[in-house]
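Asker: Per TrEMBL, the features are:
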type: DOMAIN; residues: B:3-164; note: domain 'AAA'
type: BINDING; residues: B:11, B:12, B:13, B:14, B:15, B:16, B:17, B:18; note: ATP binding site
């Protein structure tokens with residue numbers, strides 16, 4: 001098998017794998033960095049409010065801020081448990 | 001007013017102290033009165049790299065706590081005129097570097113020096129934050145390797161949000177990428193991130209590329225800033241970086257693999 005692979009030369013070089021992985025993780029981390037710092041607390045308080053009515057765990061509420069040129073959108077995703 | 005440069009990276013072992021020693025030595029050689037400060041309290045090493053470890057009497061923390069004056073603590077370099085070293089303390093807690101204390105020392109140095117080079121400790125803790133807080137410029141030392149590039153991006157984020165310039169809404173610190181331990185042969189083989197790859201990911205201007213070289217270890221063994229090895233590739237690459245820092249335009253060198261001749265391939269096993 002490896003003999004054939006040698007001639008095909010199809011295995012991606014490790015440097016390009018590294019670059020691709022870095023581009024993804026760095027973009028993700030920059031996105032998080034740009035989030036306002038009240039976000040974690042907002043998320044926590046939202047979880048507590050929702051818990052008054054429905055039993056959910058912390059990770060079932062996702063809070064994100066999307067920024068466009070003209071406005072910011074606060075995106076709130078709540079996953080409700082199955083009944 | 002001195003220009004304050006932080007040499008930082010996030011990740012350890014990428015060449016911050018080597019770079020601080022060479023950049024400060026280079027600036028002094030260009031006639032700029034320069035002081036290099038070791039911020040790595042508890043893990044002082046700049047003194048070893050600069051070959052003044054046996055001349056340390058007082059340190060940075062002694063000055064902050066008023067146990068010594070700046071003049072007592074500053075060590076004058078014996079090789080290059082106009083170069084001084086302020087060593088870190090070896091014994092105290094990192095928190096001994098108070099914000100006010102650091103500020104006072106920097107302000108005092110600022111009156112008499114052209115450049116203040118701050119050698120940051122690794123990490124993103126107190127010492128690293130203190131080192132970058134006053135920076136007008138930041139040299140981000142990066143190896144062409146995933147963890148180093150990611151950490152560099154992280155420290156850039158911290159520089160942009162936690163430095164004095166950021167807090168006061170001033171013009172942000174000027175950022176420079178210094179790629180160290182670069183091996184063009186491995187880049188050619190697709191085994192190492194290229195300069196262009198790292199530039200593209202970090203998106204900051206390139207100050208220099210220091211080739212991976214045996215000279216660097218040889219120089220540090222002897223306590224010689226590698227920039228003083230003037231015939232070596234790494235020494236010349238640092239000299240180019242210093243010239244660029246001072247505004248000169250210089251082409252980047254040592255980026256391509258040297259073609260090995262028939263004989264060296266025969267005898268050194270390619």
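Note: Cβ is positioned from N, Cα and C throughout, glycine not excepted.
Keep in mind that what you see is a predicted model, and the values were worked out from it rather than measured.
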Asker: In the structure shown, which of the binding-site residues B:12, B:15 has the fewest Cβ neighbours within 10 Å?
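Answerer: B:12, out of the binding-site residues B:12, B:15, has the fewest neighbouring Cβ atoms within 10 Å.
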Asker: Averaged over the domain 'AAA' (B:3-164), what pLDDT does the predicted model reach?
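Answerer: Averaged over the domain 'AAA' (B:3-164), the predicted model reaches a pLDDT of 95.
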Asker: Among the binding-site residues B:11, B:16, which residue has its Cβ surrounded by the fewest other Cβ atoms within 10 Å?
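Answerer: Minimum Cβ neighbour count within 10 Å, taken over the binding-site residues B:11, B:16, occurs at B:11.
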Asker: What are the sequence-distant neighbours of residue B:18 (ATP binding site), meaning same chain, six or more residues apart, C-beta distance under 8 angstroms?
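Answerer: Residues satisfying the criterion: B:49, B:180, B:216, B:220, B:225, B:226.
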Asker: State the count of C-beta atoms found within 10 angstroms of the C-beta of residue B:13 (ATP binding site), not counting that atom itself.
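Answerer: Neighbour count, Cβ to Cβ under the 10 Å cut-off: 11.
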